[in-house]
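So that we are looking at the same thing, I have put the structure below in structure tokens.
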Amino acid sequence: MPVRIPDHLPAAEVLESENIFVMSETRAANQDIRPMKVLILNLMPNKIETETQLLRLLGNTPLQVDVDLLRIHDKESKHTSIDHMNTFYRDFEAVRHKNYDGLIITGAPLGQIDFEDVVYWDHIREIIDWSQEHVTSVLFLCWAAHAGLYHLYGLNRKILQQKRSGVFVHRRTSQHFPLLRGFDDEFFAPHSRFAEMDVEEIRQHPQLQLLAESDEAGAYLVLSRNNRNLFVMGHPEYQKSTLNEEYQRDLSQGLDPNVPQNYYRNDDPKDDAIARWHSHGSLLVSNWLNYYVYQLTPYDLSDMTAMTPWESR
């Protein structure tokens with residue numbers, strides 16, 4: 001949250017140059033505060049586990065957040081009961097007339113399938129297109145990040161020969177984005193995917209900014225220049241056991257998966273896993289919710305044209 005300071009305080013310029021979030025008394029006095037309304041499109045097989053992971057991160061911020069859960073209406077969930085889906089999830093038709101402060105689109109186990117061949121691809125495209133006019137900021141995770149970059153910006157992904165699974169070191173490519181406030185120079189994040197985006201294509205795209213990358217895992221954080229779309233190539237929401245559960249599942253299916261890198265102590269699946277990314281995941285979601293949702297969204301959600309541009313912040 002911001003530090004409130006007197007108007008024209010000389011320290012303000014220094015603090016802002018250091019990427020410290022300060023707010024003048026005049027601006028603070030004119031702020032309206034209400035709960036943030038966030039929609040989650042949950043595409044992961046285990047709905048309840050993913051709900052818990054994302055709500056854990058959203059609940060670690062000082063903001064009050066009202067959450068709606070969204071499903072693809074004609075896609076039956078194999079791992080979650082119909083009662084749960086009907087009780088807690090909404091179809092797109094029930095929310096298309098609404099506006100939201102934030103939208104989170106999760107990953108999905110579809111890494112080797114062409115986007116156009118995904119059975120509910122038309123629904124995904126429709127929701128992404130809708131979000132560009134009805135949501136202040138969209139957070140795309142893993143598969144959804146690739147899908148969003150493909151649909152919105154025409155970037156193609158490369159299918160990997162082996163699944164990329166593990167916890168990798170990343171570095172910031174810039175010091176001055178609010179999203180990166182509080183980040184260490186290097187930080188860990190988990191990945192679990194069958195594809196990657198071309199880092200150079202991202203760098204050269206006029207509408208995109210590469211904020212963090214890894215020598216081993218490639219592009220990690222990509223932000224659209226209008227600050228409306230954040231693409232996260234990994235899984236900062238994963239709990240400690242998730243990569244192990246995926247590894248054991250793949251083993252049981254006879255897929256001969258690689259051992260997740262930098263995850264088990266001594267890289268031995270018989271040893272305990274080490275969670276190195278929880279603080280980063282919490283800070284990432286907190287910064288997104290604060291700087292790219294709360295600080296930009298209009299108080300009256302019925303008027304999305306009232307979004308405050310970064311230039312005036």
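Note that the numbers count up from 1, one per residue, in the order the chain is shown.
Placement of Cβ uses the backbone N, Cα and C atoms for every residue, glycine included.
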To which of Ser137, Ser192, Ser224 does Swiss-Prot also attribute binding of substrate at the site defined by Lys163, Arg249?
Ser192
Rank the recorded positions Gly111, Lys163, His235, Glu237, Arg249 by the number of other Cβ atoms within 10 Å of each Cβ, and give the residue at the low end.
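Output over recorded positions Gly111, Lys163, His235, Glu237, Arg249: least Cβ neighbours within 10 Å is Arg249.
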Give the sequence-ordered list of residues that share a chain with Ser192 (substrate binding site), lie 6 or more positions from it, and have CB atoms under 8 Å from its CB.
Gly107, Cys142, Lys163, Arg164, Ser165, Gly234, His235, Tyr238, Thr242, Leu243, Glu246, Pro260
Mind computing the max CA-CA distance among Lys163, Ser192, Arg249, which the record assigns to substrate binding, rounded to whole Å?
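The two farthest binding residues have Cα atoms 14 Å apart.
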Rounded to the nearest angstrom, how far is the Cα of Gly111 (site 'Important for acyl-CoA specificity') from the Cα of Glu237 (active site)?
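Answer for this pair: 18 Å between alpha carbons.
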Can you give me the residues near the recorded substrate site, meaning same chain, not Lys163, Ser192, Arg249 themselves, Cβ no more than 8 Å from the center of the site's Cβ atoms?
Ser165, Leu243, Glu246, Tyr247, Asp250, Pro257
